[in-house]
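**Q** Please find one structure pasted underneath; my questions will follow.
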Amino acid sequence: MQDRFLKSVAKLPEPLATAIVPILNKDFAGHIDAQQLEQLQTASKMELNELLLALLPIAAALARPPISDFHVGAIAKGKSGDIYMGANIELPGEALFHSVHAEQSAISHAWLSGESIIEDIIVNASPCGHCRQFINELVEGAKVNIHLPLQKVEPLSHYLPYAFGPSDLNITEPLLTKQQHTLTLDSNDPMIIEGLDHAGLSYAPYTKTYAAVVLETKDGATYCGRYAENAAFNPSMQPMQMALSTMARHNRDFSEINRAVLIESSKGVISLVGAAMDALHSVAAVELEHIVVEPE
Ligand SMILES: O=c1ccn([C@H]2C[C@H](O)[C@@H](CO)O2)c(=O)[nH]1
Ligand SMILES: [Zn+2]
């Protein structure tokens, strides 16, 4: 089991702790598939909703909050039945808007893993307004069930009545709708090829700035983030933040970043390069490679 989970596992009821230890092996990065979840349910004799709440300390152990020391853990449950953990990240010395909320981290984890509908979000602290908005931007967002430790399960619409969302800007395909934008560049650099794929899957209906970030560590492992825009603009999740959140879930230190690439479409009305550089430089002494690609 990874050391970062020792304290959280110690707090779990014994049968659940015993059953989860093998899952928390060195490769664990916050994903528990439907079959494993069923095994945990059998072993712990817990109702599914009870089990999901019991798993939150594991999700919270993924957090990196050097400013607040407030560890938030969230779980997004996809239509497939798999669950995806996420946690908050704060960037040392940088403006607070660079922070990633646990709910965004869990949602982006599900999205990067190919989920097209998120049915439930489980979180250990009441979701802030920004997260309620982010959830409302998803496919069937108003219907996402919100699970909190001391509250009965309610759909997002209970927590965010009279909501603003993509339809107010005449966007009919919300976040998580399959994207396929063609960005091609003649390159045989594996990091750039990976980045082009992710940029093509990014979600940017308001600016068309399709973008992705790929971070590489010295051992050759790569961690990706795609741009996820919001109709409410400010809660949009930057590709650098999403990539850092992927790295944190994989238990990698940001100082291990060896190479960082931002790919973005030349036809977008904004550029994410300044924001991406600020975020990157707060955690790693690496220059950002900025690659601008002509969409087809
Ligand atoms: O809904 C919320 C509210 C706050 N936080 C994080 C952001 C920041 O890192 C810390 C303090 O606000 O908690 C979340 O992850 N989700
Ligand atoms: Zn929040």
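Backbone N, Cα and C define each Cβ position, glycine as well.
Heads up, TrEMBL stuff is auto-annotated, nobody curated it.
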**Q** For the Zn(2+) site that TrEMBL describes with Cys128, Cys131, which of these is also annotated: His98, His101, His158?
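**A** Answer per TrEMBL: His101.
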**Q** Rank the recorded positions Glu90, Glu103 by the number of other Cβ atoms within 10 Å of each Cβ, and give the residue at the low end.
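**A** Ranked by other Cβ atoms within 10 Å, the recorded positions Glu90, Glu103 bottom out at Glu90.
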**Q** Note down the number of other Cβ atoms within 10 Å of the Cβ of Cys131 (Zn(2+) binding site), including every protein chain shown.
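**A** That number is 26.
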**Q** Indicate whether Glu103 (active site, proton donor) is helix, strand or coil by DSSP.
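**A** Helix, per DSSP.
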**Q** How many neighbouring Cβ atoms, not counting its own, are there within 10 Å of the Cβ of Ile89 (substrate binding site)?
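**A** 27, counting other Cβ atoms within 10 Å of Ile89 (substrate binding site).
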